[in-house]
Structures are given as C-alpha cells and as structure tokens.
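All remarks here apply to the structure that follows.
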C-alpha cells in the first residue's frame, strides 16, 4: 500500500523536449537547456494546480469524468483565458508523431470545406431534458421493473453457476444449513458439504406476486390468444426480475416438450421454443444453470422423428429450423471448455446423420442443427457427406414410390443441403463452376449445387455493389438465403432472419383471412403453414419470394417484377394472381407473407444485426394470424 | 551572563505551560539560525537543564569568535548583522562565555562543538543567508516563518529519529504522538522547499510520504507538486496550512514524554516547528486510542480546539406560531368518507400543546428578526398540518417508498436539484447555465400575463388572482436563462414564490416563480458559488463558494448581511438550521462549521471527514447534523454537545444528498455510486452515551455498527443520486440524471 502510494505521489515533470518543441512552435528558436528545465518545472506545477482546481468543478458538476469545460473553469479562476475549440468533443483526438528523434502529441486541425458543412443534412436535434418517475422502492422493497437494475446482476449469476463455492455468502450459508437440517440430512459431514454446496438463491419460495406472474405468463405463453402470448414473451424477454423464476420456467419448458412430443402437438412445441428464445433474449438472465433442462428440450424439437400429427402436411420443418437456430445460439453463448456443449451437440448430430436408418425428419434436423453452427461445421461435416446424401435422395426421388412422407422428407433435406452448402462452396471452391466437375465431386446433387453456387456468387457480387446504399434494394443479408430460394420450399421463406414485429405484418395477417386461400386448410391451427410447406414442391411456392429477392426464378406468379413493394399490396396482388392461375397455390399466401414481410423488414432497414433466428417467429406469426380461424374451424 | 540566561529561561518556562508562538520574531530568528547546526553535531552532550535558546546564543557567539580568530571579517559582519547582535553585546557575552569556559567541564565540549559548527558553516549556514536576506522584504510575513535554517540534509535524520522514538513508546502514547507525523512532515517539507533545497525536499518527501495516513492523500498530492519557493506564494491551501496552526489533541502524559525526548536529543528543529506551527491541546486523563483519534482527524487544520465547541448553541426549535385552524369544515370536506375528523382534532390539539411549551434549548423567538407570516403562509401551514396527520410513521420496520425522478437526455449535465417543501415543484440547475423548473403535479406552471394584458383585467373581480395568470403559455416546465456558468445550487423559497440559483459565474440569482424572470443578481462572491439555500422562514439565504466564505443575505439587500469567514478552503455546501438562527457549512478543508447568524461567530467546528464535504442535513428537531463527503461516509454530529456521534459507512462514492425523514427516524443518503441508502438514525442517536466525561473531553468512542444501522440499499440504473426529499407524508423522492455511459 505504502509502496503504491509513494509511486503515485512522486512528482512528475514534463520533459524539456516538450518545452523546446513548444518554443519552436511559437517561434523561439534556441532555448537553453536551463531555461527549458526551469520552464518545464514551472509549467508542470501550474498544470497540476489547474488540474486540481478542475477537479473541484468536476465534483460539483456531479460527474466522474473530467471535461474540458472543467479545465476552462479552472483557468478562469486563475484569470487565464480558457482554451477555445476544445469544448464540444467528448475526447480530444491527440495524435502522435515521431521523427528525428522527437516524439510529439498534437491536435490535428483538419481543413474543412465549408460547402460540405452547408450541404450535409442537419443532424437530428437532441432530445430535450425530460423527467421520468418510477418506483425505486415500495415500502422498502425494490420492485423488479425495467427501470431498476436486476436484483441479481448477470455477472453474479454467472459466478454463482460457474463457481458455486465462492458465491456462498455468510448469511446465505446459514440459510443453507437450515435447509439441510429441515431436509433431515443424515450425517454431519454430509450436512457440512451440503452447506457449502447449497445454492444460495431461494429457488424455493416465490412471493404471491411472483406466483401470480408465473401463472399468467405460462398460461399466456401456451394459451390461444396470440396477443397475450406476444405480451408474455415480451415480458420474459425484457423483465429484469425473473431470476428467481428461472428454474420453474426451465422445468416448465422441458416437461412441456416431453409431453407434447409424445402427443405430437406441434403448436405447443412451437410456443415452448419461443419461450426458450425469449429467455435467451433477456439480457439480465444467465441460463447456464438450466441448460441441462433446456438443451434436451431444444434438441428434441430439432431431431425428433415425429413432431406433429400429420407429417406430410404440417410444417414441422420450420420448428426444426427454429430450434436449430436456438441451439446454435446457445452453443455460441454458453459453450465453454468445461461443458463442451458445442462438441457434444455436434457429435450427437453427426452420429445420427451417419446412421443409415435415420429417418428423413431426423436427418433434416441433424443437418439443420449442424448447418446453423457455422461455415466451418458445414465444410467439415456436411459437404463431405453431400454425395452420400445425394445418393440417398436420388434413391427416394427416382426410385419406386415408397411413401409420400419420405419423398417430402428427401425433398426438404435436398433443399436444406443446397441452401447451406451453396454459400460455403461458393466461398471455398475456386472458379470456374463446371457442372460436370460438381457432379463428379458431389454426385447427384452436383448439378443443382452448381447452379446454386453460381447464383450465390452473383448475389454476393450484387450485394457488394449495393451494400453501401441504404436503399431498399438490398434484400438479403446472407448469401445462403438468396441461394436457397430458387428451388426450395417454404422453409426458405421462413428462414429469413428478421424480426417481424412490425405493423406491416400485422395488417397483412388481417387481410389474409379474407383471401380465397382460407378455406383450404385442414385440421390444426398451424395447418396453413403446413399446407404451404407440405405441398410446396418447389417452384410454385418460391416464385414470389424469389422474384422479390431479385433472382429470376422459374415459372408462375411473376406478378411482382420489382424487387420491393409495399407488403400488403404485394400480397393481395399475388393472391389474386395465384388463386386465379392454379388451385394448388392457395398456400402460397401463407409462405409468402412470412418471407415477404421479412424481406420487407429487411429492405426497410429494420434488419436485425445478428443473424439470430426467427424462422419460427415468422412461422408463428403466420400461425398466429391463423389461429382464430383455425380455432373455430377445427378445435384441436 | 546571568541576566542573559534568565530571559530565555523564563520564556521557556512559559512555553511549557502555554504552548504559544514566540512573538519576538528577531530573537527567534537568531536563535534558530544556529540551532540546526548545533543539534546536528554528534557531540552535543550539553547539560540537561540548559535551554535551547541560551545555547543558541552561546553557540552563535562562539562561532563569531571562531570566525574572528580566523580573520573571516566579512563573514563576521554578515553573521552579526543577521543575528542582530551588537558589537558590545557580543563582547559582553564573549567575556561571559569565556568565563564559562574557564569554570566548567563544558569547555571542551563547547570548543569541539564550535569547530564542528564552523566546518558546516560555509556550506549550509552561510551560503543561503544572502539569498534569505535579499528575499526577506518581498516575501510575505507568513512565509518568513520558514526562514529558519537548519541543515537540510539532517531533516531526514530528525524526522526518522522522532519516528523511531514514537514507534518505540508505549502503545497508549504511540497513537497520540503519531498525530505529530503529518503536520511535522508538511512543515519540514515546506521549510525545505522554502529554503530552496529542492532535492532534499524531494528526497524527504519520497522517504516519508508513504508513512502518512491515507486520508491525507489529497494534500500530499498537492504537496508533491510544490517544489519551488515561488510556488508557495500562490498556493492558497498551503498558505492556510502555514497561517493557521494545526491543532492536535494530546494527553498530558504523552506530551511530557515527547517533550522530554526532544530535549534529550536536542531535536530543536522539530521542537521549533511544534512551538510555532502546531497548537497542542493538552488534556488530563487517559490518552485516546487510535480509533478515537482517527475518527476525529483528517481535516486540513487538525482537530477542533475544545473551547471552540463549548459555546452554547440554541438548537431547539422555535415555537410554532398560533394559527387558528379552521379545522372542522376543511376536514369534513377532505375526510368525510373516513369519518374521523374528531379523532384528528384531538391529535392536532396534542400537537399544539407540545409546540406551545417553550423548548429550553430554543433561541428567543426574536433572536433574529424573522419575516411576518402572510396569509398565504398561514394557509400553507394549515395544509402542512393536515398533510402531516396523514404522514406515515417510519421506522426500521416501516421503510419509506422511494419515487425516483430520472432526468433523461440531460447531456448538458445536471448539477443541482431542489424540491419545494410541498413537493409540487422541482428545480434543476444545469451545467449549460440554465435553470429549469418542473411541476411534478398535474398543475401546470403558469406565469403572470404581460402588462398590456393585465390592463384588461377586471381588478375588482373575486378571482383576479386566477385571471392574471396566463393560461395559454402554461406548461409543465419553464426554463430560466440568466447565468453564464454552470448552476451549482438551487433553492426554493418556502412560500414557493421565489427560486435562488448560484452559479460558476459568481452570482446568486433570485427568480420569481410568478413571472419566471430574474429579479435580482446578488454579486459578492466573485468566484464560483457552490451552494445556496433559503432560510426555512424565507427572506434570508446563505451562500458559500470558492472564495472560502459563506455569506448571509436578505432578499431585499444587495449586499450580504454577514460574512462567515474561517474555512480554509472552498465552502461547498450550506444549510440553515431549522430554527434559522444558525447556518452549517461544509468545506473542502474537510470540516463542518456551524455559524451563529446573530453575530457571525463560528460556534462549532466538526472534524473527522477525510474528504471534501458535499452534503449536510439537519435533523428535524434541530439537535443533530449529518454530513456526507467524497469519502463515502456519513458522519452524525450532536450539535448541543459538539460531538461526533456516529459514522455511517457503506457508500462507495461521494455522497451528494442527505435528508432526514419528517420525523427524523430515517436518514436517507444518495450518492454518486448510484444508490440510495436508508439508515436508522434513531438507533444511531440513541446508542451514543453522552455522559459528562465524553461531553467534557470530546473523546467519543464510536461503535462500528454501520451495517446494523443500514436499513436498505436501493440501486438505480447508472443514475447518480443528486437530491433527496421527503414529502410531507414521508414519501422519499430521489432525483438524478441518467448517465448512459
């Protein structure tokens, strides 16, 4: 301590070279060493004095940071004219230069063209000071509202979960021992250990308010009212005070998944996955402790053989995609060298993928799960498998008709593979793209892959050109998407990463029930989605989205030639055209709004910065809009 | 010889009992000049009883004789001039000394001493002398106190000698004597700097600065920058350090011990500093413990002298004026559904009777003239009483709710906040020189119409007061422009008609909340005005600023009525006592002072803070004072006894806001560390035993029970708490500006 202090307090003076440099800058040529020394001592002292005065102003300004204004005021105290020109800047960009054995820090003053300043649009006027009131405490208890900091900071949650021994505090230790006693722990030794290990937080008792909240939230999350669900999810994603309820939520989710997988209740599975997403989005929660419950649930939703009652029509693919993205996100956030989540998950997926007997659904899930983990994983684990998978797909497609389900499954797997692999191949494989070579390298899928890669390259080039413009023409943030669109089904539409909580999508939904597509759907709420997906044997469905993204794909529905149009308009136009042309295309509407709305969002610059996942969200949106109708039509 | 010897002896005897500075400058000077060389000599086996003064004289004469013998006439002249010794006096003394030489065993030692001194003389004693004499006229008198010259190389030796001594004494004395380290260190350092021994000063600083108590850190930082004599002139803080004497409180035993040691070792350098620059307040009884000392030390000028805090302070509250309250009808109106106006009335009566009783500690009702109550004031008092009947009784079991008003988008920097007593208005001072007033009730802020429009109003109508208000421009907030620097203090008048603001531009402005214009600019401070506050009765207000004085003003005088001078550094915060007869000020010199408004005297000095004080609060009953500083501690003071009675530790940054609840049970503190904390002030006040002994000596032993007193900590989201206010119903309002970084 004393050492430290002494170091801090030793008096520092400016080097004499600084004096020389400054003297030169004002035209005094040769300054003697003695004068320099005297000057630097004096200057250093005065600077210190001013800094000490400036500190007073900082204290009275109730700040922690010394500003240039403080220095000005301190100078004013000494009757010195303040330094002009340093006021507005948050930090002063001193630059460093050296040369000729000298080192200089200087303030660069750039020449500014006045016309530039005049011509640039005015910045936004800063908002005026305003007052906002909230409860910091009610009768001595701090309410857990967004205005207040979270009761247990995330950092502490993290240390609690990673180093439980350290986190135990004296007061809580007692709590632990009391519990141990009440549980009737047998020997004293065990008790002692338990005392140490005991998790400090009260996972046991929730206040009445919290119980009510928990009940409301869980009911809303799996209930039928979409508006309520949205609110509930919003609350889960933002409220800072959920820490104590976290174990309950995680149990709720894992149990819910377990039950609903058995019952093949796709809707509930979707709801539960959305809850997982909301929990992960909450910046105040640290989920590490609950991964053992959450990850199995999520993985179940990715690879389960059957997730819905009617696998031929229901769009369980979207759920798999969504869950795969959740998985990837949790791998990214929580994988450490100790828990090895990512490698364990990868192993699981790969094992299933390598198994010949794996069903198409599971196969799809495995590939989706792996693909979400990033390009490296695709490159090392999926691309080598392309030819094998291609053969398998070929067997189903070209071979004797086994079952419709297998065909659909194979179809999905194919599009998924193409979508993910194309971008990676485009990046890694050198030009030129020769179809025969592709065939040789990748087998059955080679031809398609080649065309996809070409498209991906074109897209990338196109993006590179337009990327700087903030106009609406930029459609796809990820090359994968553009590629996928040509041949692929609704999943591609739902894959677009964006947040769809935009009014436009809502209006869209309201318009939809009126369209002629409505009558078609069968059984469940999410059917609409399912029909589109299930029947979506490529081209017809895709058209719209592809035309939107600017890729000139295939026949049907070229009704919207321009890349972007107001969503609603687009939709109505399409539905009209579609329903007119083919009866099959009812479902288009369904897959479209998601993709188109998401595209719309993207175009309008609302783009999410992360590639976080929301296919589900979009799927869910759709299904939400459907739900009232579906409910009435077919009580599930 | 005898005559010469007697004089200094007497002086010395006096010094022992009454440690006062020697007023006789010249003799002092001459004596000290040689003292350094003398005590430096390793052969000082001088007679134990001989006083340093006498020896100095002798040595000086011996040196002169030596010089003469060696034909160094110039040096002799200089030395003689310097020492102020006449030719004849020297002869006289010389013969005296000669006689002395003849008759005692002293002779050898004296001679050897002389030779040692002469060896040192050319380098250390003589060379600086011309400099000193040349500088003497144009350096202030204050500085000249340092002109004494010892051997700069030996300062370290003196200091470490003393250090060794203090470290070796018994534990009970060590803590007390350790107090000497810091002031001695500072004075020795300054002395070295003053005498242009820059390198020695730096070495001295480096060697010993680490030993100082950590709470002197800030001062040491200032000191370490001071390495030149020229710097001393401009530095106000250090000028204060030299002019005012550092006060130490030491028990008689410890003091005797110290004195004996210094005399034995002839450590005159240190002895002189103690004599000249320190005030040692000696008391009889058991010496204090380290904890006791630490709790009281820390201020720029040591502890308060005991006498200072003995003056009687009338801390009681003034009698409430009799207001005939039209209770019944109003109560019926407001409370008819509750149906208990009757019960209330009895309560009110009891309250009334309590206030009728004259508090023995209260000042005379007319001790200072107070403004007459206006009708509107009476109405407000009635409102207040009604509100206070609905007041929540707070306590450890019953904590207040806190409503936090966050200032958003306050990029310019929020610097000061105040609420009106009825919590209807909120004023914020900003670093961009504006003052903004908000209405925190649904009632909007209206200003009086312009003169032209006022002419059109029917002045006879009953609701003329309503009519003069301009409905069109009513808004939730108004901005007051006028200052030319950051606004560091705002205060509402109790009648809510005026607002005061103090600013960096050195002015205090009085604003009308009827017209929302500036009425008066009070000039006088010249430097930034850090704080201002209205008296609880209105009319008077107090301000404190960088010029180190607090001023008392009346709204209708453009010059201050009183100037409270005494702080050694900036006056950072000012608060009126609830009875308006006293003013408390907190300062950067780390003391809190209480001033009597009637005569301008300083009646209390509270030391113990280790950092600048940024917040003060009186308890509603006027008995206690709480102060918060940059060190994150709140200290509680008993005004009547002049004692520290509590220390509340917990905050980790500067405390900018302190407030007692309306009944004084809870103390709320708000800090830069983004927390509001609630403390059990009742418990803190009750637990202190103020028996006669502690009251007499001022030695308080503080229980370290902060965590027991802490009732709650409430974190805000990166919003430093700048102001706290209890509404009349004991709801706590807190404010702060959200800081997005």
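Yeah, the Cβs are placed from backbone N, Cα and C, and that goes for glycine too.
Per TrEMBL, the stretch carrying the note region 'Disordered' among B:230-277, B:278-325, B:326-373 is B:326-373. Per TrEMBL, the range carrying the annotation region 'Disordered' out of B:63-86, B:87-110 is B:87-110. Panel annotation: around the repeat 'WD' (B:522-553), residues 236, 370-371, 485, 488-495, 498, 500-510, 559-565, 567-576, 578-580, 583, 585, 587, 595, 597, 600 of the same chain, lying at least six beyond its termini, place a Cβ under 8 Å from a Cβ of the stretch.
Among residues of the same chain six or more beyond the repeat 'WD' (B:407-448), those with a C-beta under 8 A of the stretch's C-beta atoms are 380, 383-384, 387, 454, 468-471, 473-492, 494, 496, 499, 501, 503, 505, 511, 513-516, 722-723, 725, 727-728, 731, 733, 735-738.
When Cβ-Cβ distances below 8 Å are used as the criterion, the repeat 'WD' (B:480-515) is approached by residues 374, 376-377, 380, 413, 415-422, 424-425, 427-437, 445, 447-448, 521-523, 525-534, 536-538, 541, 543, 545, 553, 555 of the same chain, each at least six residues removed from its ends.
Residues of the repeat 'WD' (B:606-639) grouped by DSSP class, helix first, strand second and coil last, total 0 helix, 20 strand, 14 coil. According to DSSP, the secondary structure content of the repeat 'WD' (B:407-448) in residues is 0 helix, 23 strand, 19 coil.
In terms of DSSP secondary structure, the repeat 'WD' (B:480-515) contains 0 helix, 19 strand, 17 coil.
Across the domain 'TFIID subunit TAF5 NTD2' (B:150-278), DSSP helix (H, G, I), strand (E, B) and coil residues number 103 helix, 7 strand, 19 coil.
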